[in-house]
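Enquirer: The structure under discussion is supplied below as structure tokens; questions concerning it will follow.
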């Protein structure tokens, strides 16, 4: 077909007819030359400017010229030449007098210019480091697409004509075509990475950064991991490193910067409002008077009247930091929403095509492929949108956790008291997660209304005003759902409160589990937990009822809307006929409506959840974690520093929180440089508070405080990190062999290292669990010593160690001749024997300094201090000169003497006291250490003997780790786990539930098949008669679907699954409480808590939802396949390969994603355990200035976690693109088969099958996602189950062996050949003990650290079970009776006083066995009644978590009161007097002597003076009895006991 030389008309109707209604269609040449050629050009010119601007902003460095680049460039040049050849050809024809229309000039010119632009872009991208260009790929793709039409029409022309008229353009066009195809193919390949980029340093970089455009769009770059994960389970080492732009070091500072800007704004606004007030002009004439200025009180009054200043908004800073990136995702979403509406329009055309008998078949095929193409494009765009959203969410989480962590390091004490560690951890885990989930939904806020509006517009076009009926139904449903959402929100808040309370209680139970076991209190606490849990379940049940209602409302919504619309449409007007076109196009639009309508309430509720969480994030983190340094001394050192003092306090008045009364007042201190100051006083008089005040941990109300130089701090309760022993001492300082050895020796740690399985590379458990109290304290001291600070604040470091060790430490570290001489030292102490050797003494009484001066001065003053000394120094006060003499002797002790008394831990295996059970160990054989011969300058500290063996690590055995790594299950979740869950739900019920889902699904199909029958009435003109019947049946089927759904939801979610959740939690709680002590030592608390919070939460709320959605989507997919296959049996041919592919992709995905989820949850707990560790040790971390190092550690842990989270998100996108591709294929084939079988099918059935196929994509996608979610969530069942089946200790009660109620009546205890070990495979801790104790005897147990003193007491309680031999009490073998029967008849005052949060009354008597009178009596005897009766709440005094609001001494007295209340025949004291001043100690001892006069008492003593009057003393050495006799006889024998007594100054 040739055009006449000057076509006037572009398209005559004739042309269109020629184009559309023939079997070989063609487009007019004019259209080909203009529209088709210009389309790609217009696109490129529009896309270019923003793209170039973007590239300039993000330059990655240039790429070297490669062959690929050269070929692209050459092709580009040739293309330009080809285009302009056309142009010159036209000019040439012009000269020949053959005038062409102007289009022949314009098009080649435009296309040529565009090719030059493309050429420029190719090079510009190379210089900007772009490895694969999306912009150009789309350009070449469009060009090829547009060139296909002329390609075909030129061939058709040549076929019809004898010769080719326009040879030049014919050849140039085919040149042009082959070149753009080549360019398209070339642009699929990637360039090399830019030069000088930092990518190569990374061992396992994420391939995304180098992926090409196509690979990025289809997430092809993820395939390598999917395959790897499928072959064998992924491990942490297989994960890619995190992209730089997502890592903490980039993300967190970004948020903090924005937050600082926000704060600055708020402050400036505040300042302006205050300035305005202050700058009131003074009235004339008053300006010279005093008091002319308004007095401060007035100003305050004025200030309080102004409006609150603008609070800095955390939300705003989040938006500023992460908004722009998120908006790219929103742009994709907009595009996707628009494309969604293309398919219903195509469906309309398809149905009308099946009605026309004579239409050419290529229409049908074109429509089918267009549908496929639209759907495919929609898929790609949607997943890009999700990718952007999820990455934003991930960055949000990183930044929020990072910000919370950074703030928690500088949290003020006031804030620390208001929120417990547990609450903050919950904030980090759950609420940061909520933010993350929110980002994925956020776009729905504008997208859902947009989709609804568009859908309604098209519906109106289709059905006219009757749509309003449907809209009315929707509008009616909205308030119902809003009401449900509001109510749900209320319940959620309530449930969160119960959950928090439950976790807080669990946390305390786990921290105090040893005490619970010793007191046999487990059942009381179990009931408390279950009571909270029951309330939580009740709330969950109410939520489930509401959920069922709302699910029903939303699932029936599209149906109700369709029903009302169709019913109204048919009844309003006789002429309205419901035909297939109207019905099914409307249905597919209603189905599009279903998603936004479903999502809106979800989004709203998800936003609501964040709004709930937000107040908890904002105040607790960003407001009350005010920078510490209000009253801190570190900031204002220069403001006030008198020349002569190293530490100075003038008129100090301090409080723990602004609103509380002051704890310390009138403090005046001046510690000269290099002196040693001792602080003494009774329990609770403010000694520790004074140290905290100096550290800046308290709020300063008035006065000045200054410290010169760096500070080292040893807290009263040693804070030990979960790291190796060496790391605990170095605490971030560089390792220096010689200095390190000296520290160890000075702190008497050398011998302990010989006992630890890995020497100083032994890993220490959480909270220092495998070290004894004394060892922990010494490690803490060694840390301070190694740090070489200027000022040392030592908060009672000597209380936890034995007397002779205390003496060694004082002499070698703290004292006038110790390693710290010349440093300023402030020592809080209860030990009188050291006082003569200190420079100054401060005596504290009730929060103020009562006297201060040297030892001699205070004695002369004859005040409170002298009184105190006279009463309590049992030995004569050693004169100063004698003391020094003793020190000089000490220096050149022969070796053997030395081994006799520094606190040497005998080479007893592994462990020292009850707790220190298994030892963790990482054997890092450190390289050649410094030359062992190098000798210390301080001969005093390092004797040569030690240096010879300074390298114990060389011969370390590998020791099994104490805390086993949390096991991440690998491989498929066993069907056993599903069966476990089904059993918990009830096997029969499970079947019924499945059956109901099937019925509901059948009802849905029925309704739609009925509808297609109804539409066929239109063709047979039998419409009016049976309209009412048609509407009636349709309605009935729809309502049946709704009712079935409601019944199902109630049955599954509100009844059976909650029952399962209840049982599982109960069994796990029982399992954990029944676990032996060893379990708690080898399992970090955080891990157990994680099971009680996260995993129980999953079983409570996630698994039921997952199962619900999975069932619905499964049945839905089955329906679609059944319908399509029934209508077009050919469909079955396609279904089989598609399903195989589907199954295959799904297996790849599930294997990989499940493992990724597991890795993610395993790497999650370290974030939180590190965090809680940090919060507990924040004062130590701050004192040593290790703030930044800890922030880095936390960031690393978060990044480690995101490393497994990121591939997890991408795996969902990878899957989505592939699964939706299958869905799109199903649409394509359904349409194709409908076209092929158009003669046999009526329009109603075509509509039915294609509209069903359009829905399948969604269900397929959801089904795989839910399968995977379910598989990863069902792991929670596995994990909970694991803990409910832990190895339990002996039964609590043995019915047939119950001892009589008054047992033990005498209190005789007998050990027969008794041996015990900590666990299988370790050596014995006690070896063949045989001794018998008569009722009423008082036995003192002494021995060096690790001799097995505490182990012996634990054996009585059977916390350790015998390895051989037996113990009998009053003739009853304790191994035969129930644990509770045994433990409730013994009383222990444990080494570390543990209190639980709750009233004081609850702490003394959790079972409420005793009357108030008895409780007060016990308090009186334990000297607490004065303290308690002064409290307004009396016995109901609230103890905070761990008893933080009582001093350590008071806590110890509470434990004494507990013992007095129980009053059993056998009492065991374990170092009970460690943290108490001598006076209180004396009170306790006298109480024990009077109150437990007729009882058998075992005391593990550190202060020998407490046991000098006992009946007998048992000296243990290396787990065997060394000496056992009366104290006087032992002194006489001059054995071990005599040596110890001599050290303590009790023997001459």
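Backbone N, Cα and C atoms are what each Cβ position is placed from, and that goes for glycine too.
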Enquirer: Transmembrane segment per TrEMBL sits at which of 1192-1214, 1215-1237, 1284-1306?
Expert: 1215-1237
Enquirer: Pick from 441-460, 501-520, 521-540, 581-600: which range does TrEMBL record as transmembrane segment?
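Expert: When 441-460, 501-520, 521-540, 581-600 are checked in TrEMBL, transmembrane segment belongs to 441-460.
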Enquirer: If TrEMBL is the reference, give me the range from 1120-1145, 1146-1171, 1328-1353 marked as transmembrane segment.
Expert: 1120-1145
Enquirer: Looking at the ranges 926-946, 947-967, 1031-1051, which is given as transmembrane segment in TrEMBL?
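Expert: Among 926-946, 947-967, 1031-1051, the range TrEMBL annotates as transmembrane segment is 1031-1051.
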Enquirer: TrEMBL tags one of 277-298, 299-320, 321-342 as transmembrane segment - which one?
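Expert: In TrEMBL, residues 321-342 carry the label transmembrane segment.
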Enquirer: So which of 134-153, 321-342, 1031-1051, 1215-1237, 1244-1264 is most in touch with the transmembrane segment (1120-1145), counting Cβ pairs under 8 Å?
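Expert: Ranked by Cβ pairs under 8 Å, first place goes to 1215-1237.
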Enquirer: Among the recorded stretches 173-189, 321-342, 988-1011, which has the greatest number of Cβ pairs closer than 8 Å to the transmembrane segment (1244-1264)?
Expert: 988-1011
Enquirer: When you check the transmembrane segment (173-189) against the transmembrane segment (134-153), do you get at least 3 Cβ pairs under 8 Å, counting only pairs 6 or more apart in sequence?
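Expert: In this chain the transmembrane segment (173-189) contacts the transmembrane segment (134-153) - 3 or more Cβ pairs sit under 8 Å.
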Enquirer: Short question: which residues 6 or more past the ends of the transmembrane segment (1215-1237) have a Cβ under 8 Å from it?
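Expert: Same-chain contacts beyond the ends: 218-219, 343, 350, 353-354, 361, 364-365, 367-369, 371-372, 375-376, 379-380, 382-383, 386, 1120, 1124, 1128, 1130-1131, 1134-1135, 1138, 1141-1142, 1145-1146, 1149, 1153, 1246, 1249-1250, 1252-1254, 1256-1258, 1260-1261, 1264-1265.
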Enquirer: What parts of the chain pack near the transmembrane segment (35-54), using Cβ distances under 8 Å and only residues at least 6 beyond its ends?
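Expert: For the transmembrane segment (35-54), the list is 27, 107, 110-111, 113-114, 117-118, 121, 124, 135, 138-139, 142-143, 146-147, 149-150.
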Enquirer: Check the domain 'ABC transporter' (647-871) for me and report the mean pLDDT.
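Expert: On average, pLDDT over the domain 'ABC transporter' (647-871) sits at 84.
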